[in-house]
Each structure stands twice: as structure tokens, then as C-alpha cells.
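Engineer: Copied straight from Swiss-Prot:
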BINDING   C69, C71, C87, C90  Zn(2+) binding site
BINDING   D489, D491, D493  Mg(2+) binding site
Amino acid sequence: MIDRYKHQQLRIGSVSPQQISAWANKILPNGEMVGEVTKPYTFHYKTNKPEKDGLFCERISGPIKSGICACGNYRVIGDEKEDPKFCEQCGVEFVDSRIRRYQMGYIKLACPVTHVWYFKRLPSYIANLLDKPLKELESLVYCDFSFARPIVKKPTFLRLRGSFEYEIQSRKYSIPLFFTTQGFDTFRNREISTGASAIREQLADPDLRIITDHSLVEWKELGEEGSAGNEWEDRKIGRRKDFLVRRMELAKHFIRTNVEPERMVLCLLPVLPPELRPIIQIDGGKPMSSDINELYRRVIYRNNTLTDPLTTSRSTPGESVMCQEKLVQEAVDTLLDNGIRGQPMRNGHNKVYKSFSDVIEGKEGRFRETLLGKRVDYSGRSVIVVGPSLSLHRCGLPREIAIELFQTFVIRGLIRQHIASNIGIAKNKIREKEPIVWEILQEVMQGHPILLNRAPTLHRLGIQAFQPILAEGRAICLHPLVRKGFNADFDGDQMAVHVPLSLEAQAEARLLMFSHMNLLSPAIGDPISIPTQDMLIGLYVLTIGNRRGICANRYNPWNRRNYQNKTVYEYNNNYRYTKEKEPYFCSSYDALGAYRQKRINLDSPLWLRWRLDQRVIAPREVPIEVQYESLGTYHEIYGHYLLVRSVKKESLCIYIRTTVGHISFYREIEEAIQGFCRAYS
């Protein structure tokens, strides 16, 4: 359906019999109303045309060929001057044949039937609402159990039958004949109730607000009683309280949605449009029918068998009527959910029939196969690999996938820049992979986000937006921090790529779905982008440094002997480096350059010149050593920093004791903070 905001959506729920008949009924020009399927037939074996009032009737579902009725007459579709719109002979409407994809019919059931989804699925909504055991309700639905109605000031059928059976044993065999007359239904319907009609009566009687109030009162009373001291009794009370909560929620749902509970019992059974349950011919002209058709035929056969004794004047034993009602209930159960009551129904080849539940549920069902997970244009799929050099909001897209997804945009760019005169020439340039194609592709990708999805999509973070960049190879490169949101691993997992086309979709992707804007879990609010174990190990190795303290060379005899054979190196006139002595650097660039030239190790301690910052200097710390120079300046050496002072004891500069790993880590954090400030300034 389409709401007032023009959003297409699908709503599933229970409907009234009036709504079902309104979907199917049509009034012919002669005043006849069609829409009810009364015959279990499909196509005539001689003419190969749909049977009238059958499962494929053209009067009910529309013509097989657009504008052509069952008689072969033709009318122009949509021409208001053409009159009439229905064929006077066969009653088929002159419309497009696509109407057979959505025009429904219905079967008028001779007796009410409980909907097995509401009755047998756990938790059973009918059992919860009526507060009765499921086994007792099953006996009632399948006519194994009956209950008496309260009748006042009337001779009861039950009392009369009991007196005949127990007081006058000689007339025991003649009494069933009396009760099999046509008046049996009148007596029985007044005195006793069984089958789905009994369930329907019980669902229609109670007030939902009273059910909610009584359940709340009982729940409070059980809560006030406290523990009984017996573990079994405590569990029993806990289960009862949980049941009362479910019952109140169910009643409130019916009140909120304005749905009558008796709709869980069917009086009219909808019939799917013919195109959704087709009959096709395979090789050799052999017809192959959908399993739904066979299950519909079974329902119609049993329903007609029950309708005949109820509408004709011939006598039928009451037990036979109840047995036939049970067969109708079982046939509808098989149609809706085959096998829910035990052994599923099979065909002649010992193959289980596919019911409604089998058609719509599961990975190959109607929803996941054709509505939610169907193949769409502007999408691709590939394996994901880690891209540690990527930003959090970027992903690497293989060239092969990128050129296919953005091909229409690239073609438009080639034509706009007069590189190609038409679409054919543009496609040839793309096929030949000319350099200008990749340049235009990069321009297109800069302003167009993409969506990455990993199945199953269990929560909002299963689909996130990224800014694509071209990557070599055939795998999608992904930042490791976004892995947790997708619940993915880099061990062969695959992801789907989608391109949002409309401006609304692109704006939603940029404002709501970008990965760097989804850092917290929507469920509990905890950070979702946290370092993994391998990242923590890498950071540990990067920042562990050399465990030797500043006094290691001074007080270690072995190091003191090696210190006598030191060698001094000059590098860019900015620092002095010795094999044993810790080197001095004026900037982090010099330190990283020495590391790249393999003059120092990643964990080698060094002295790095730093800006004067009082937060680095400890006010009461005593220097380990003071070194004086010839010009009067001196160095105060502390545990983690070195302070250079002038003759007047003024601080000239400061060196901090660090490693190349610490420098690299600090620079990455500093660049990230600066980029964040620029983005939000």
C-alpha cells in the first residue's frame, strides 16, 4: 500500500470477512456478483480454458489475454467509449491481463475455521487470550470436545438426550434417528458448542479492557505473595506472571490496532491470484501445477462435502457433520502451514506439499528471495580484506566493480567533456580502459557514497556508507575498526556494494549512514569501533620501547666496557649519533629519517628536542646528572627529559627521552585530532 507521504510499504495483519469479500467481489452488468470460488477445477481438459467459478476462473480473476474475454471478443483497454466493460455472454471484464497478479477470490467456508498461525504457533495467541490450555482448545477445535451453553427456562437437548439414554435403555437405538433429523442443527447450536465456532464465540464475548485489568490485578497479587519457599512453586508463579504479561500485551495490541480478536477464526478463506500459483506446461506438454492449487482443491472438495448436508433436506448424523468439520479444519491447516500438526501431507511422489508458510518463510521465501534480498541493479559483491591505511569513512573498491557500478555516470562524463559523441563510443572507451576513463571515474566517485552490506543484516550497523576510492586487486578494502559493526572477519567474508541513486538516498547516506558517524552501538550506547586484539598488540610493540633505564649504561659494567669503544656519526649536521650513546634529534622528521635508514631501531631510546612546556617539567624532581659546557651552559638530566639552561639559569630548550615508536604513534594521534578539528570548525 501507499500512505499519504507516498511511501510504499507492506503491512501484514488480520482482516475482517467484509474486507476479504470486498477484495474479490465484482458486480456484473446483469446484477450477478462474482468473486467466490465454488468449484475445485482449474482448466477444462478438452478446451484448455479455465473452468467457470473455478480456481482460474476469468470472471473472478480477469482475462488471460489483455482485452480478450473467454468468448474471444476483443475490446480496447482504457477506452471509455467502448461499452460495455464486461462481456455480456461470459461476464469477463475487458482489462489488462496483469490484473491476474493481484485480483483475489475467496472461499466461503461452511463452518468457521481457526487460523493455524494464531492457534498452533508458539506462543498461541488464542490460548493466551482465552487463558485456557492449548490441548483443551485443540480438542475443542477438532471436535473431540464440546461444552454446554447456559440455557435458562428451556428444555435442554443435553438433559433430554441424557434421560433417553440412561433412563429408557430400550429406546437407545431409536434415539439417534430422532437426533439426525433436520432439526438437529437447531438443537445442537442452541445447546452445545464445538469446533472453531466455539472458539469464535469465546473470542467475541470478553472485553479486552476487562482482560487487561484482571490480568494486572492477578499479576500484582502474585507479586505481593512473595517467595513460597518451594522452588517448584516459585517457578510456577514466575511462569504464571510471565504469561499474564504476555496476555496483557496481546490485549493492548488488539485495542491499539482496533482489531477484533474473533478475526483469528476464518469464515472466508482468501484465494491467491492465479499468477502467483501458476500452472505451466513443461516439455512434452505435461502440465505442472503449484502445490497451492492442490491444497486449495482439497479445501474446496471438503467444504462442498460439508455444505451439501447442511443446505439439503436429507438427514445426516450429527457425528458425520462434526467429522466433516474436522476435515475442513485440517485441510485449511495444511494449506496455511503443512506439517504443523505432525505428519505433513505428501503427493504421489512422496514429496511434501509447499504451503503458505513454506512459500513465504526462510531464505528462499517470498520476502527474503524477491522482496528483501533480491538481486538489484547498481550492486556488486566481493571478498573483504583489511585496509590499514584507509580512513574510517573510506573503503577501497576494485576497479572492475567500480567501473561497472558507475558506468552510466562515467558515460555521461565522457559525453559532457566531448570525449565521446554517443553512448556506443563511450562504452568502447570504457571497454578499452583508456586512462581518461579512470580520471573521470575518480571524479565521479569523489562525490558519490556507496553502501556496504554484510548479510545477515541483524541491526542498523549491518549497512553503512563509505566514500569509495579505487583499489588494486579484486577485493574490497575495509578499515579494520568498522568490522565489529558488520560482525565480519577478514577470513573470506563477502560484502555487497550498493550505489544510492536518488538525491534523498545520497543525503541519507552522508548524514546518517557514514561509518565515522556510527561509532556507538544503537542498542546499548557502548563504543562499537574499538581496537581489536591485533591492533592492541601492534600498539604495544610500537610503544614498548627499550626497558633499560637512563642509568643502565652508567651502572652496568658490561655496558661501561663497550662505552669505551663508541663511534660517532654526523647526520645532516642536526644530531650526533653513537652506537652506545643515546642520540639527539632536533625534530621528529630527523628521527624517522634515521629509522628509515636503519641507523636506529624502533625501540631505541633517543633524545628529541621539544617545545618548552611546564607540564613536562616536574617541579620537585632532582636531576640525575648535571653536565656543564665551556660556554657556561649546562644540561640537567632527569629520568625522562633533559633541560638545557643558560648561565643565568634560564631554560633554553628541553629534550624528552622517547623512541621512534612513540613518535610515530604521537604523530598519528595529532594528525587525527587536527583533522577532526578542521572538519568541525
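Glycine too: its Cβ is placed from the backbone N, Cα and C atoms.
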Engineer: Could you check the binding-site residues D491, D493 and say which one's CB has the most other CB atoms within 10 Å?
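Structural biologist: Neighbour-count leader: D493.
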Engineer: Considering Cα atoms only, can you say which of C69, C71, C87, C90 is the nearest neighbour of D489 (Mg(2+) binding site) among these binding-site residues?
Structural biologist: C69
Engineer: If you count, for each of the binding-site residues C69, C71, C87, C90, the other Cβ atoms lying within 10 Å of its Cβ, which residue has the minimum?
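Structural biologist: Counting other Cβ atoms within 10 Å of each of the binding-site residues C69, C71, C87, C90, the minimum falls on C71.
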Engineer: Between C90 (Zn(2+) binding site) and D493 (Mg(2+) binding site), how far is it from one CA atom to the other, in Å?
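Structural biologist: Counting only the Cα atoms, the answer is 58 Å.
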Engineer: I need the CA-to-CA distance for C87 (Zn(2+) binding site) versus D493 (Mg(2+) binding site), whole Å please.
Structural biologist: 59
Engineer: Can you see whether DSSP assigns C87 (Zn(2+) binding site) to helix, strand or coil?
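Structural biologist: The residue in question, C87 (Zn(2+) binding site), is coil (DSSP, three-state).
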Engineer: Using an 8 Å cut-off from the Cβ centroid of D489, D491, D493, can you name the remaining same-chain residues around the Mg(2+) site, in sequence order?
Structural biologist: I384, A488, F490, G492
Engineer: How many other Cβ atoms sit within 10 Å of the Cβ of D489 (Mg(2+) binding site)?
Structural biologist: 9
Engineer: About how far apart, in whole Å, are the alpha carbons (Cα) of D493 (Mg(2+) binding site) and C71 (Zn(2+) binding site)?
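Structural biologist: On Cα coordinates alone, these residues lie 58 Å apart.
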Engineer: How long is the line from the C-alpha of C69 (Zn(2+) binding site) to the C-alpha of D491 (Mg(2+) binding site), rounded to the nearest angstrom?
Structural biologist: 60
Engineer: In the same chain, which residues outside the set C69, C71, C87, C90 have their CB within 8 A of the centroid of the CB atoms that define the Zn(2+) site?
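Structural biologist: Near the Zn(2+) site, beyond C69, C71, C87, C90, sit A70, G72, N73, E88, Q89, G91, V92.
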Engineer: List the Cα distance (Å, whole number) between C71 (Zn(2+) binding site) and D491 (Mg(2+) binding site).
Structural biologist: 63
